[in-house]
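These come from Swiss-Prot:
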TOPO_DOM  1-704  topological domain 'Cytoplasmic'
COMPBIAS  76-85  compositional bias 'Basic residues'
COMPBIAS  94-110  compositional bias 'Basic residues'
COMPBIAS  120-133  compositional bias 'Acidic residues'
MOD_RES   S132  phosphoserine
COMPBIAS  141-154  compositional bias 'Polar residues'
MOD_RES   S144  phosphoserine
MOD_RES   S170  phosphoserine
MOD_RES   S172  phosphoserine
COMPBIAS  205-215  compositional bias 'Gly residues'
MOD_RES   S239  phosphoserine
COMPBIAS  280-289  compositional bias 'Basic residues'
MOD_RES   S439  phosphoserine
TRANSMEM  705-728  transmembrane segment
TRANSMEM  734-771  transmembrane segment
TRANSMEM  791-813  transmembrane segment
TRANSMEM  823-844  transmembrane segment
TOPO_DOM  845-897  topological domain 'Extracellular'
COMPBIAS  858-869  compositional bias 'Polar residues'
TRANSMEM  898-915  transmembrane segment
TOPO_DOM  916-930  topological domain 'Cytoplasmic'
TRANSMEM  931-951  transmembrane segment
TRANSMEM  985-1007  transmembrane segment
TRANSMEM  1033-1054  transmembrane segment
TRANSMEM  1088-1133  transmembrane segment
TRANSMEM  1160-1196  transmembrane segment
LIPID     C1170  S-palmitoyl cysteine
Amino acid sequence: MSGTPRRPASGADSFHKPEPEIVGPGTPGFPEQEEDDLHRTLGVERFEEILQEAGSRGGEELGRSYGEEDFEYHRQSSHHIHHPLSTHLPPDARRRKTPQGQVRKPRRRPGATPAGETPTIEEGEEDEDETSEAEGPVSHTDPSPASTPTSVQFFLQEDEGTDRKAERTSPSPPAQLPHQEAAPQATKKAQPDALVEEAIMVSGGTAGGDDGGASGRPLSKAQPGHRSYNLQERRRIGSMTGVEQALLPRVPTDESEAQTLATADLDLMKSHRFEDVPGVRRHLVRKNAKGSSQSSREGREPGPTPRTRPRAPHKPHEVFVELNELLLDKNQEPQWRETARWIKFEEDVEEETERWGKPHVASLSFRSLLELRRTLAHGAVLLDLDQQTLPGVAHQVVEQMVISDQIKAEDRANVLRALLLKHSHPSDEKEFSFPRNISAGSLGSLLGHHHTQGAESDPHVTEPLIGGVPETRLEVERERELPPPAPPAGITRSKSKHELKLLEKIPENAEATVVLVGCVEFLSRPTMAFVRLREAVELDAVLEVPVPVRFLFLLLGPSSANMDYHEIGRSISTLMSDKQFHEAAYLADEREDLLTAINAFLDCSVVLPPSEVQGEELLRSVAHFQRQMLKKREEQGRLLPPGVGLEPKSAQEKAFLQMVEAVGAVEDDDPLRRTGRPFGGLIRDVKRRYPHYLSDFRDALDPQCLAAVIFIYFAALSPAITFGGLLGEKTHDLIGVSELIMSTALQGVTFCLLGAQPLLVIGFSGPLLVFEEAFYSFCRSNELEYLVGRVWIGFWLVLSALLMVALEGSFLVRFGSRFTQEIFAFLISLIFIYETFYKLVKIFQEHPLHGCLASNSSEADGGKNTTWTEAAPTPGHGNTSSAEQAGVERPQGQPNTALLSLVLMAGTFFIAFFLRKFKNSRFFPGRIRRVIGDFGVPIAILIMVLVDYSIQDTYTQKLSVPSGFSVTAPEKRGWIINPLGEEEPFPVWMMVASLLPAILVFILIFMETQITTLIISKKERMLQKGSGFHLDLLLIVAMGGICALFGLLWLAAATVRSVTHANALTVMSKAVAPGDKPKIQEVKEQRVTGLLVALLVGLSLVIGDLLRQIPLAVLFGIFLYMGVTSLNGIQFYERLHLLLMPPKHHPDVMYVKKVRTMRMHLFKALQLLCLALLWAVMSTAASLAFPFILILTVPLRMVVLTRIFTEREMKCLDANEAEPVFDEREGVDEYNEMPMPV
């Protein structure tokens, strides 16, 4: 911009006439003196010089093009320095004021710069320059005594005429004021290009007056009700200055001066002030740690010191967004009403019912996003605003709107009044207490924001904002230094239930964003402001919950504007709830950073065509496309080169990123990684897990662990009773409930004390039951002692485990793919279902249904006598167990026994299955549903036992449980088994041949234990103390081998019970956004729960009398329940359903979308072939070898299937996509997580 001042239209247009009534007495000839001063200051000769200089420039300078030589000349010349227009006014009109009693410090000059380079200044110095320009323009001419007046008077006092007359008549030099005498004389002569000498404040009289030495004398005598002139007014434009207070303004106002300028001149001024022309730049600014200069210019008013406060570190937080719209209440009074909120997803307030709707993904119109970007590009952006209250923020926002010409000066009061209206929320009317949402304006006035002594209750409304009254800005500045006033008694209240419930869903340390949008008719065009506070503060009566506010967005405008304010408010709210955008908003230094973040958001947005959607199925591709866009967004964020995007700006952020990179570079401690040394994996397990041994007991001091003990006890006792009862049936009571309970207790206690992963639950499982049945059949057919053979199997079992651990063979579990696991799980489920109906059919054969006979009394009695003679039945025989009738043949042909057994079996199954479904239903609160669903099996057993107990005249076979600490059949065996034989010597060849069944048992234990440990140790579960594959395997197998000496069972890690145990000890974050999946906060990794569960299971022998009341038909129902529920989550079972579906109804899963249907059916056919082969082996005398056939499916998958299917098809058909299940989705629970048998 040229340094030539613009020509005003006329003196009458540019200056205000003095008020004659203010002229003090004793000042005759005052108008003539004033006229002389005007002619001397800005005479006609001066304007002619200005016009000649402007004419010499003419249009040729405006129309010419600049080259590199001009740019170089610009850098080397004084034109490179920014001069405001006021610097070209007469010297006496642009003096800089200095309060009395202070001395102008010499200007500190930066170091010399090499020739030809643009001097670089520090950011703080640039702020100092801007503050100096704001407070008063400076002159770059050398001051001289002849041309520099002694004082500058901005406002005339009553005795100004007398002072001026004295200055005219007296030839003596002007009197020195006290602060001038203290200044060294050499300072005025040094540095010819320094700032002008300090201006002298008018003291109302001569220097030698009565109060000439007073330092606090104001510039003018303030009239009653007015405040004195303050430098803060320099922030306003000239047309807003209180000119009515001045008798003789020396500087024309902006409006009157702008009327005399041509359009080209105005454009040139705007270009110089606001644009950044390449090649013609100002001084380079070196960023330092003092903070952003923009925050000084836009965020807050300049204080008394030119230095800005250091910028507070902006660490991104989680956000809570609230959308408030300006609406009318039932009394037709305007108020801010909450219409939507965002924690992660959008929740809208339903207009009719005033309640919150369901959370959903916000759908935005593309036009609203474009309008939002346009308003942000041209609106007011205040970053790092240093305010603590809503009125203070509102004042700053309104001032910035006036300065940026978004609103007129006369609209200031209306906009401010609108910002301070009452805020209402949907939960307010539900509270039966004192309303908390009091108007911020009135409440702020009552609590001391305006300390006026008048009777006005609302200064914002009743008092003018400019002139005539004390300005609120001074009060806001004073308020910063005072502690916040305490609210009156009766206003504060405790948090309501609604607030507490909502606060649980908001993440900890979250900061809020308040969005205010609405229509106001007093504005002629929309106005916008985006505010980021320096520090998050709680604004009273604004949000529905006490969350500190960091961001505010304001959009007001007339209804005639072609703009949907509601949609723009939803757009900025959705942007602030987006993770990437709100991080960019925290780290933004200027407006361009926000615009760049909006563009990045638009790049990943999906636009739907304006076509009618008939059903939700048509929108499936949208979700898939959105996931692809998000994946691409994440990849681009990882691939950004240094210097691109939002880089860390502080040392703390850089150090944090370096730490994250260092942690990511460290190789994960894979427990299955081989060391190459004998027992190397076992040693690593011990070193990894045992240092946390003491913490495993300290971490159990939590109420959640006690609840987990009760739940897991019933979860472990039910299978022990079920499998024990079935084992007693299979082995003729050689091993039954008593032995299984003792095995579970002893091995469970030992494993919880010494194991590496105490979250595993040791128990009996379906595959081991199948093996025990097969081995018992083998021994019985070959006339071998079953229990003695188990002792030698246990011996070889321990040797096999030692060899496997020494060779670090646990890594072989990685080769067991989903192909093998699903065949294994499906086989065990089929066996469970088959055995249930086989037992039920057997009951119907033993107790057939009786036909209806004419004379059924005698025949029935005869039949009754022939079948019950040895049983000696009593009226209470229905409640006796088979153990009490040892050695007595069980009754045969009992009436109604088969029907009652069917009812008990079906009832147990359906109750347990229904309660499992009820857990994820929508009835009752979630906590009640989970308790009922988790205890579904014990509840089903209890209900059916009560049903059976109530029917006394019908016989049912009961569970065989001994009294006290005893084996199931004391007449057949004892607690210690002789390895050489009980009744006869055990064959030596069988001692050696027991190695083969030992290997088969080891395969089963290895697969179940290691796969269960893999599932528990998934990264998604966020376990911190690690696992130990080698140590756990050695402990479980060794304990099983030793227990065989006592006739007890070997156990394995039970998959379903272990996953249930881990889920019960998982602490989920309560701060879960509505509609979002729960996140794991921590897992209570400790040993106490498993230890207590094992002890309680062992003590269950004390309740033998209660266990003897359980009918076997009830256990068959639990057996059926385990078989059916194990099918969930098996893709093989789900793909069988696709055979009966047309392709258009196939689910939208990976193995359907990426693999052709015929190829998918071919893979399924191969699995069916392997399953049929295993079933055939199980049905023959070679059923003992079924684990060997099962393990052959591993090389089949690795060698044969890879030649039939492509690598991509195998990844889709044999991928392990199961993830930990923690949320409550209908039909989904822990059974869907694992393709393993129960």
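Placement of Cβ uses the backbone N, Cα and C atoms for every residue, glycine included.
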So, does the transmembrane segment (791-813) come close enough to the transmembrane segment (931-951) to give 3+ Cβ pairs below 8 Å, pairs being at least 6 apart in sequence? no
Neighbourhood of the residue listed as 'S-palmitoyl cysteine', C-beta criterion under 8 angstroms, separation at least six: I823, T1193, L1196
Which listed stretch (705-728, 734-771, 1033-1054, 1088-1133, 1160-1196) has the most C-beta pairs under 8 A with the transmembrane segment (898-915)? 1088-1133
Residue distribution over DSSP helix, strand and coil in the topological domain 'Cytoplasmic' (916-930): 9 helix, 0 strand, 6 coil
Any chance the transmembrane segment (734-771) and the transmembrane segment (791-813) have 3 or more Cβ pairs under 8 A, given the pairs are 6 or more apart in sequence? no
Can you tell me which parts of the same chain pack against the transmembrane segment (1160-1196), counting only residues 6+ beyond its ends and a CB-CB cutoff under 8 A? 767, 770-771, 774-775, 777-778, 781, 815-817, 819-820, 822-824, 826-827, 830-831, 997, 999-1001, 1003-1004, 1132, 1135-1136, 1138-1139, 1151-1152, 1204-1205, 1209, 1213
Can you find at least 3 Cβ pairs under 8 Å between the transmembrane segment (1033-1054) and the transmembrane segment (823-844), where each pair is 6 or more residues apart in sequence? no
Ranked first among 705-728, 791-813, 985-1007, 1088-1133 for CB pairs under 8 angstroms with the transmembrane segment (823-844): 1088-1133
Predicted model, mean pLDDT over the topological domain 'Extracellular' (845-897): 53
